[in-house]
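According to TrEMBL, the protein has these features:
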| type | residues | note |
| --- | --- | --- |
| TRANSMEM | A:61-80 | transmembrane segment |
| TRANSMEM | A:92-109 | transmembrane segment |
| DOMAIN | A:114-405 | domain 'NADH:quinone oxidoreductase/Mrp antiporter transmembrane' |
| TRANSMEM | A:115-135 | transmembrane segment |
| TRANSMEM | A:147-170 | transmembrane segment |
| TRANSMEM | A:190-211 | transmembrane segment |
| TRANSMEM | A:232-253 | transmembrane segment |
| TRANSMEM | A:259-281 | transmembrane segment |
| TRANSMEM | A:288-309 | transmembrane segment |
| TRANSMEM | A:315-336 | transmembrane segment |
| TRANSMEM | A:357-380 | transmembrane segment |
| TRANSMEM | A:392-412 | transmembrane segment |
| TRANSMEM | A:433-452 | transmembrane segment |
Amino acid sequence: MGAIITLSLLAILVLYLGLYNAKGALLPVTIAGLLLALGFEISLWNTDATPLYNGMVLFDHLALSFSSLCIIVTILIVLLSKEYFKAISDNVAEYYSLILFSVTGALLVCSYHNFAMLFIGIEIMSVALYILVGIRKRDLVSNEASLKYFIMGAFSTGFLLFGITLMYGATVTFDLEGLKQYVIANPQGISPLFYAGILLILVGLCFKIGAAPFHFWTPDVYEGAPILITSYMSTVVKVASFAGFLRLFSTVLVPLNDFWTPVLLTICIITLFVGNISALMQSSFKRMLAYSSIAHAGYMLFAIVSLGADSASGIFTYATAYSLASVTAFGILIIVKRKVGSEQFESFNGLAKTNPLLALLLTIAMLSLAGIPLTAGFIGKFMMFNAVMQDYHIILLVLAAINAVVGVFYYLRVVVNMYFRTQEENSKVLIPLNYQLVFFIAAALTLLIGVYPDFLIQLN
Amino acid sequence: MSIFYFVAFLSIFFALMTIFTKNPVHSVLYLVITFFTFTVHYILLNAQFLAVVNFIVYMGAIMVLFLFVLMLLNLNKDTEPMKSTIVKIMGTVAGMCLLVTFLGAFRVIEVNNEAITPHANIGLVKNLGQVLFKDFLLPFELSSILLLTAMVGAVLLAKKDTNKA
């Protein structure tokens with residue numbers, strides 16, 4: 001709870017800093033506050049988790065680990081933002097404040113124990129993002145993305161709410177513990193309302209994680225949003241939504257898996273194919289990353305399809321690997337775009353000659369996304385495939401392996417562009433210090449998890 | 001019971017008028033009356049708070065906004081785009097599907113649901129306040145963050161850039 005209070009107050013403090021024109025203090029204060037929140041999360045690690053405030057929130061290991069991941073990724077993204085926001089808007093303070101509000105929402109989604117909290121968390125997270133996506137007011141693409149995201153998001157929230165209502169109608173409670181008791185107490189006579197509620201909640205959550213066939217907003221929104229906001233959306237928001245997804249299914253809906261496994265399996269397979277095959281077709285690096293984030297949502301759904309004791313650590317490892325690689329990829333895209341002015345694959349031509357270090361870092365990120373051994377992405381994929389194998393979903397496994405191969409192809413395309421294509425103009429770009437710091441942290445963690453994954457897996 | 005049937009008849013009648021009338025402004029006005037009959041329903045169901053909120057927020061605020069938008073957009077009969085036949089057929093099919101779903105749902109519904117009976121007075125403002133400030137205090141407080149976020153965003157998007165001119 002300390003972290004949530006800290007972040008809410010921090011966001012308001014940042015607004016006041018903006019009011020008094022203390023522009024230099026914004027970034028340090030934001031990062032200090034985020035670190036403080038991270039400290040609160042870690043300090044709760046060894047305490048007994050009981051639902052607090054009439055069963056509204058629960059800070060168990062699942063909540064704490066995913067919340068910490070959200071905060072750490074936010075710190076990395078905020079570090080990248082130093083010069084970035086000033087270039088696109090005058091209202092830098094509001095930027096930071098909205099991101100902080102959004103993280104607050106993400107933490108609520110990670111630690112909810114009552115549907116009321118899930119709803120409020122998702123709304124806080126999304127409302128801040130609707131605005132951040134459209135922050136470039138003069139840019140039509142950005143406006144379109146914002147409007148699209150807003151309408152789709154509001155629509156999906158409608159589904160989520162309707163699902164929650166139906167479940168309440170069947171069980172007379174919003175509390176996860178109460179819902180669990182209901183499912184256990186009535187193994188045969190579960191109300192049809194409850195099943196309808198499951199399906200509607202599934203639709204609402206799949207919108208948020210961007211799984212097919214509810215992914216149509218993803219590419220346009222990711223492309224229209226400022227790059228840093230895109231990286232925030234594809235990492236923190238996805239991580240938090242998956243934590244919410246996992247908590248609902250692992251506490252309440254495990255006994256009903258005969259009902260929802262086929263549905264989720266179908267969603268999973270469609271998501272993999274749509275994400276990977278569309279990513280293959282793209283000529284823009286940013287759009288490719290958008291589609292690849294859909295594909296990764298598909299892989300992460302594996303852990304929920306074959307729900308078990310390892311699901312939490314599997315999703316956590318995968319999400320960590322994916323977030324680190326994404327932040328690196330988007331950060332490098334910012335630098336390249338600043339130099340070349342385009343987001344196409346061709347703008348990466350010859351990067352290995354001019355900036356060997358940058359090329360190496362991007363290669364590590366791409367290898368991790370593709371799931372090559374010795375990177376964190378491999379460990380994540382391995383755990384997901386392992387979970388599916390133990391549940392004997394052989395068809396899913398075969399299809400996923402095919403998709404992984406497709407993935408390797410389009411991730412390595414940018415590597416080929418960097419190393420084997422040349423560009424006429426050969427000027428070296430200077431990488432700002434904060435970017436270097438973030439890239440090195442991300443790359444080091446990626447390799448560290450890839451070589452020695454145990455410390456992360458044991459967390460959950 | 002006879003009041004209920006009378007009000008229900010009025011609801012359906014005005015809802016149909018909302019659809020069938022040609023003039024958009026009249027349509028919105030009929031919708032306002034439909035919402036008013038809903039308010040009466042809520043009072044009949046002993047849900048005072050819902051009735052008041054429905055009256056003030058939906059009928060008062062949102063519908064007036066609707067009217068304003070209609071007048072600003074200057075949507076009258078001449079500018080209204082004609083829907084093609086296929087859209088009309090699709091609309092009818094979808095609407096009928098919804099109707100069938102609802103009828104199916106009403107068929108299995110139990111009137112004496114044990115979920116509702118013990119809380120007959122839950123719709124009173126006093127009981128609602130007690131639930132809100134006792135059991136659901138945390139979400140209630142946190143919704144202030146939600147509203148603050150929306151407010152910051154609205155100001156941010158709507159404000160003029162002063163030094164860009």
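Here the Cβ of each residue, glycine as well, is placed from N, Cα and C on the backbone.
Of the Cβ pairs linking the transmembrane segment (A:259-281) with the transmembrane segment (A:288-309) and spaced 6 or more residues apart, 3 or more are under 8 Å, so the two regions touch. Counted over residue pairs separated by six or more positions, the transmembrane segment (A:61-80) shares fewer than 3 Cβ pairs under 8 angstroms with the transmembrane segment (A:115-135), which leaves the two as not touching. Spatially, the transmembrane segment (A:315-336) is adjacent to the transmembrane segment (A:288-309); three or more Cβ-Cβ distances between them are under 8 Å for residues at least 6 apart in sequence.
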